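Below: one structure, written as structure tokens.
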Amino acid sequence: MSDRPAARPWGKCGSLCRREEIMVAFKGVWTQAFWKAVTAEFLAMLIFVLLSLGSTINWGGKENPLPVDMVLISLCFGLSIATMVQCFGHISGGHINPAVTVAMVCTRKISIAKSVFYIAAQCLGAIIGAGILYLVTPPSVVGGLGVTTVHGNLTAGHGLLVELIITFQLVFTIFASCDSKRTDVTGSIALAIGFSVAIGHLFAINYTGASMNPARSFGPAVIMGNWENHWIYWVGPIIGAVLAGGLYEYVFCPDVELKRRFKEAFSKAAQQTKGSYMEVEDNRSQVETEDLILKPGLVHVIDIDRGDEKKGKDPSGEIAQTQH
């Protein structure tokens, strides 16, 4: 006899089921529209990083540095993202931010498979955009290439909280501006998002560099090899984005149909936890009665005529008392 274990009869079926699950998860990935969207995210991030990081270059160099113009930097970042959203929003949704993409996954607006490609394209675009800026900028003034760093007088925890807050306000603005259920939004959605980015920069440039976008921090970090506290610019924005998306989508402005389906699901779950009851015959006595026994749990013998409850035995055979 062979020592080789016998193959399970459902082995092929299980393998087939797994393949089908993968195909369902990646449904829509192998389409022309999908790859256009991924390319749009890549190109939008490349242009955004190239233009916005260019505003952080100090052309005075290390010897004669010019004063940092926070208004210039804030407006450049805000107007750049607004322009990219206006240009590519109808193609890919205009995420241009891994934190926004994660928030969209958590609110079931895009699939996990799609988000993986989006985030990869965003990070690649950020690297290439930062690389192009590095190549076209004189070495004497390139400086840190806009790498985001936490202020020296702040701890990593402070930086994390600041990034969480400014990303929260950005993503909440995105969800509120793009809500298809609203009829009162008459202005430019792209401009509203751009203003939100600008506000975040005006507040937080001196604190953390005001990233709000993991890919924006990832690109220059790769080019310059500076990874100090880099994790803050992933964890903070993603937590802030998920909180903002979840609060808007499920608390402040929930979808009526989604709310109804959630309520039905919770109702069914509650009914299942109560247990199922069935009418059975009482074989403990030779006297014919109209007693009703309820199972599972303690066995209750209820006299229907008198409306009171007699002592019964639980399934283990011990006398049981039920209090109401």
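Just so you know, glycine gets a Cβ as well, placed from its N, Cα and C.
Small disclaimer: the values here were computed from a predicted structure and weren't measured.
These come from Swiss-Prot:
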type	residues	note
COMPBIAS	305-316	compositional bias 'Basic and acidic residues'
INTRAMEM	94-101	intramembrane segment
INTRAMEM	209-222	intramembrane segment
LIPID	Cys13	S-palmitoyl cysteine
LIPID	Cys17	S-palmitoyl cysteine
MOD_RES	Thr289	phosphothreonine
REGION	305-324	region 'Disordered'
TOPO_DOM	1-36	topological domain 'Cytoplasmic'
TOPO_DOM	90-93	topological domain 'Cytoplasmic'
TOPO_DOM	102-115	topological domain 'Cytoplasmic'
TOPO_DOM	177-184	topological domain 'Cytoplasmic'
TOPO_DOM	253-324	topological domain 'Cytoplasmic'
TRANSMEM	37-57	transmembrane segment
TRANSMEM	70-89	transmembrane segment
TRANSMEM	116-136	transmembrane segment
TRANSMEM	156-176	transmembrane segment
TRANSMEM	185-205	transmembrane segment
TRANSMEM	232-252	transmembrane segment
* Proximity verdict for the transmembrane segment (156-176) and the transmembrane segment (185-205), three or more C-beta pairs under 8 Å -> yes
* Structure fact -> If you count CB pairs under 8 A between the transmembrane segment (70-89) and each of 37-57, 185-205, 232-252, the winner is 185-205
* Asked: In the same chain, who gets a Cβ under 8 Å from the transmembrane segment (37-57) while lying at least 6 residues past its ends?
  -> 72-73, 76-77, 80-81, 84, 87-88, 91-96, 114, 117-118, 121-126, 128-130, 132-133, 137, 141-143, 145-146, 215-216, 219-220
* Asked: When you scan the chain for residues with a C-beta under 8 Å from the topological domain 'Cytoplasmic' (177-184), skipping those not six or more beyond its ends, what do you find?
  -> 192-193, 248, 253, 255
